[in-house]
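Beneath this line is the structure, given in structure tokens, with notes to follow.
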Amino acid sequence: MATSKMKANLPYIKEQFGAVLGNSSVVVKFICIGLVVGYFLTFSDTAVASVAVTPGRVLPPNFWVWTYLTHSFLETHFWLVLVDMLVVILYGKLLEPLWGALEMVVFFLVVNTSVALITSMTYFFTYLLVRNPVYLYEVSIHGLAGYLAGFSVAVKQVMPDNVLVSSPFGKLRNKHLPLWLLLLTTLVRLIGGVDGPYPVMFGTGLLVSWVYLRFYQRHSNGNSGDMAESFTFASFFPHSLRPFVEVISNVVFVLLVKLKVCKKPQRKYDISAPTTITVSLPGTDPADAERRRQVALKALNERLGTAESATWPSLDDGETTDNDSFPADGATSAPLVSTHTVKKSESSTVETLVEVSVAQQSKSLEQLPGS
């Protein structure tokens with residue numbers, strides 16, 4: 001029976017394997033090869049027990065902790081192998097050019113290991129509540145459910161507004177994928193299409209991948225995470241539910257900051273613009289900062305007016321000027337740069353330094369008065 005099943009699926013496996021080898025990166029090839037090998041292992045009950053995570057066997061005295069790494073390559077349904085390979089290939093081509101091969105590997109390890117750990121602990125605590133050993137020794141945690149969930153979160157982060165499907169009921173965008181896929185996996189589980197832990201693994205994958213991408217992923221510019229407003233935890237939910245989710249998520253975030261699990265986001269100042277400089281001072285009122293800026297600019301304009309009247313001599317006196325005083329007819333003089341600094345103190349605690357450089361280009365004089 002098992003041999004005939006393997007022979008029937010072998011042509012499809014070869015076709016998918018050839019496509020992976022020809023068009024994908026090394027990381028994607030490794031994952032897909034592991035899925036193919038893992039599928040063949042499912043025909044041995046001993047191999048499945050040794051590769052998949054069993055909550056009761058990762059605890060003392062067994063300590064089968066290696067299954068936290070190997071479980072992700074094991075899929076008992078062939079159609080799930082095809083789905084896993086297709087998603088890994090497509091999302092690998094999208095994300096690997098942005099992240100790099102090393103980050104793809106890190107994301108794979110972080111998400112899959114965390115999903116297996118949290119899911120096994122979930123079943124362990126369920127056992128403590130109901131005292132049923134089925135949740136310890138008859139649950140098999142395996143597959144790439146958490147990793148696929150992580151891909152949906154990553155695509156939401158990269159291009160959230162990209163339209164996938166347009167219908168009379170609305171448009172399905174990338175930002176809608178995580179929640180809809182979670183509902184879909186739950187529905188498939190109810191009709192028996194996937195194993196029991198699959199929805200739990202998928203939901204855990206959504207949470208773990210968001211936490212990693214939000215707070216911990218390292219970028220080439222030295223920053224960590226993505227604190228964009230479009231990537232908040234509440235953004236995964238419909239607009240009607242977001243206010244309630246924001247309250248809960250903010251409380252949890254403050255608690256995690258106090259426990260030093262997450263870092264408080266730091267304010268960023270962009271001074272690269274050549275014409276304007278925007279400075280945000282924590283703890284100051286925006287209207288108060290604008291008032292101080294207007295006062296500083298007014299004082300600066302007055303000083304500039306005084307400086308200009310003192311710099312340029314009057315041409316109405318009819319006196320002859322030296323050649324060194326003005327450039328020759330048609331020439332352009334060097335720019336006159338005047339730098340003024342205005343400093344204002346507010347309550348002896350906040351000092352705002354406004355430095356303005358004003359460059360003036362002298363105009364060519366068409367005719368100088370005769371001697």
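Every residue, even glycine, has its Cβ placed from backbone N, Cα and C.
Features of the protein shown, as given by TrEMBL:
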| type | residues | note |
| --- | --- | --- |
| REGION | 308-350 | region 'Disordered' |
| TRANSMEM | 20-43 | transmembrane segment |
| TRANSMEM | 63-92 | transmembrane segment |
| TRANSMEM | 104-128 | transmembrane segment |
| TRANSMEM | 134-155 | transmembrane segment |
| TRANSMEM | 176-192 | transmembrane segment |
| TRANSMEM | 198-216 | transmembrane segment |
Is the count of Cβ pairs under 8 Å between the transmembrane segment (63-92) and the transmembrane segment (198-216), pairs 6 or more apart in sequence, 3 or more? no
Is the transmembrane segment (104-128) packed against any residues at least 6 beyond its ends, judged by a Cβ distance under 8 Å, and which are they? 25, 27, 31, 53, 55, 58-59, 67-69, 71-72, 92, 95-96, 135-136, 139, 141, 144-147, 150, 154, 197, 200-201, 204-205, 208-209, 212, 217
Below 8 angstroms Cβ to Cβ, which residues of this chain, lying six or more residues outside the transmembrane segment (134-155), approach it? 35, 48-49, 51-57, 71-72, 74-76, 80, 83-84, 87-88, 91, 94-95, 107-108, 111-112, 114-116, 119-120, 123-124, 126-127, 174, 177-178, 181-182, 185, 194-199, 201-206, 208-210, 213
